[in-house]
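Marked as signal peptide by TrEMBL: 1-29. According to TrEMBL, the domain 'TNFR-Cys' annotation covers 43-81, 83-125, 126-166. Per TrEMBL, repeat 'TNFR-Cys' is recorded for 43-81, 83-125, 126-166. Sequence annotations record features per position, and here TrEMBL assigns disulfide bond to CYS59-CYS72, CYS84-CYS99.
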Amino acid sequence: MGLSTVPDLLLPLVLLELLVGIHPSGVIGLVPHLRDREKRDSVCPQGKYIHPQNNSICCTKCHKGTYLYNDCPGPGQDTDCRECEGGSFTASENHLRHCLSCSKCRKEMGQVEISSCTVDRDTVCGCRKNQYRHYWSENLFQCFNCSLCLNGTVHLSCQEKQNTVCTCHAGFFLRENECVSCSKVLLCRPGWNAVARSRLTATSASQVQAILLPQPPEY
């Protein structure tokens with residue numbers, strides 16, 4: 001089956017992801033917008049942030065795995081940081097008022113959990129063995145089985161983010177990354193040898209380019 005279009009059942013999910021956005025861990029949700037904060041913090045040394053009520057005070061940021069409970073009361077005094085509770089994390093030093101929610105691997109996309117969420121690291125999701133990731137957008141991926149290259153040979157092996165690239169045997173034509181008999185396609189003609197390779201792009205898991213070569217003459 002080709003992957004040039006989004007399956008009907010998944011279309012609402014893809015549209016939602018494009019409209020709402022997914023934070024880098026892969027969870028749809030509200031993520032703090034830190035751009036303005038980072039501009040203000042640039043007046044403080046690295047690892048510190050400017051006090052929200054007193055711009056003459058630079059407070060120490062919280063370590064990963066913790067979040068900001070109370071700002072430091074004054075210069076040289078400690079910031080009150082608390083450890084993230086179960087089901088949440090922070091992966092770098094920060095001054096967030098709340099930890100980020102852990103990602104949940106999306107079963108409807110065929111995803112499986114590679115490693116569990118901890119207080120300082122989000123859940124890592126991936127695919128099963130002999131599968132690859134096809135990205136519908138920057139952060140939304142779905143797992144598909146690697147092509148077996150029946151009636152052909154493996155040109156490039158299946159990889160984490162790329163399907164197998166197949167080259168078909170003589171008399172077969174590559175269609176949707178499957179080698180199909182030339183008798184079933186219009187581009188194969190008597191006296192021609194059909195050789196094809198799949199070309200992977202960001203917008204389609206498999207786009208096909210066919211190269212038709214004359215058969216060598218028989219002596």
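Even glycines carry a Cβ here, placed using N, Cα and C.
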Of CYS59, CYS72, CYS84, CYS99, the disulfide-bonded residues given in the record, which has the fewest other CB atoms within 10 A of its CB?
CYS72
The domain 'TNFR-Cys' (126-166) - residue tally per DSSP class, helix then strand then coil:
0 helix, 20 strand, 21 coil
Per-state residue totals over the repeat 'TNFR-Cys' (43-81) - DSSP helix, strand, coil:
0 helix, 14 strand, 25 coil
So what pLDDT does the domain 'TNFR-Cys' (83-125) average out to?
98
